[in-house]
Amino acid sequence: MSAALVGYSSSEEEQEPEEERGDRGGGAQGPPGASAGRPRLPAPAGLPGDPDPEEAVSDDSSRHGGRVRGFPHERGNWATHVYLPYIAQEEFLELLELLVSRARTYVPSLAAMEEFHLSLSQCVVLRYHWIEPFVRSLRERLAAFHRFFCVADQVKVYTNQNKTRTFIGLEISAGHFQLLELVSEVDGVLEEFDLPTFYKDPSFHISLAWCVGDLSGRLEGQCLRELQDIVDGFEESAFLLRIQWEQIRCKSGNKYFSFPLR
């Protein structure tokens, strides 16, 4: 059975982050409420620094592979996502090619991901003037975390919340506890800004490929078993899919912020 409620954003700038927002609350359209012991910050009178890339984003889905925007674009709204980046090695790309090639015999429209990551948040909306305090709060909360390993070796089929896209991913089978600790801190920051937190029982995973529409029925069953057999039989699988995370990243619009793990 496929897993739903993965937060893939559909904006052109958030390609596969990933990730369309679910219906768990609106984005921050104005100043967020102050958390306990934290004073409300004043909103600026104007946004002269609001960059052009976020001012003129087309919602034409034909420009970005048929993906549908999960929330309307408005000037000053920045799609924001917190995640662990994964830099693919040559052997990983070889495994990816084998998996996508086999899966395309069931779903020819399947497209391989070009970048890889593991999500620690949904894709949420930040007002431009809240990016700096949001990032500052993330940095403070994540400063004490050390590097750690995960094992991502279980093939799984996912759909986004609106069932407009289907994904094949590698689910984490070891390292779940450390990821939940990170999510707890990220959720704390999101709550400060009145933004939706991550899912209660997340299926942590690295997305490998995607297609438009809910085609999970074609990819589950026999196809999924064949894909798992490929992973289990891949010569470098045990070493390759034991991943050490070294940094956390936040992407807000076209801005990237890195938080190295100790």
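Note that Cβ sites are derived from N, Cα and C of the backbone, with glycine treated the same way.
In TrEMBL, annotation is done automatically, which means it is predicted and not curated.
Record features, source TrEMBL:
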REGION    1-71  region 'Disordered'
COMPBIAS  11-20  compositional bias 'Acidic residues'
COMPBIAS  31-49  compositional bias 'Low complexity'
ACT_SITE  HIS117  active site, proton donor/acceptor
ACT_SITE  HIS205  active site, proton donor/acceptor
What's the number of neighbouring CB atoms sitting within 10 A of the CB on HIS117 (active site, proton donor/acceptor)?
21
May I ask for the distance between HIS117 (active site, proton donor/acceptor) and HIS205 (active site, proton donor/acceptor), taken between their Cα atoms and rounded to an integer number of Å?
8
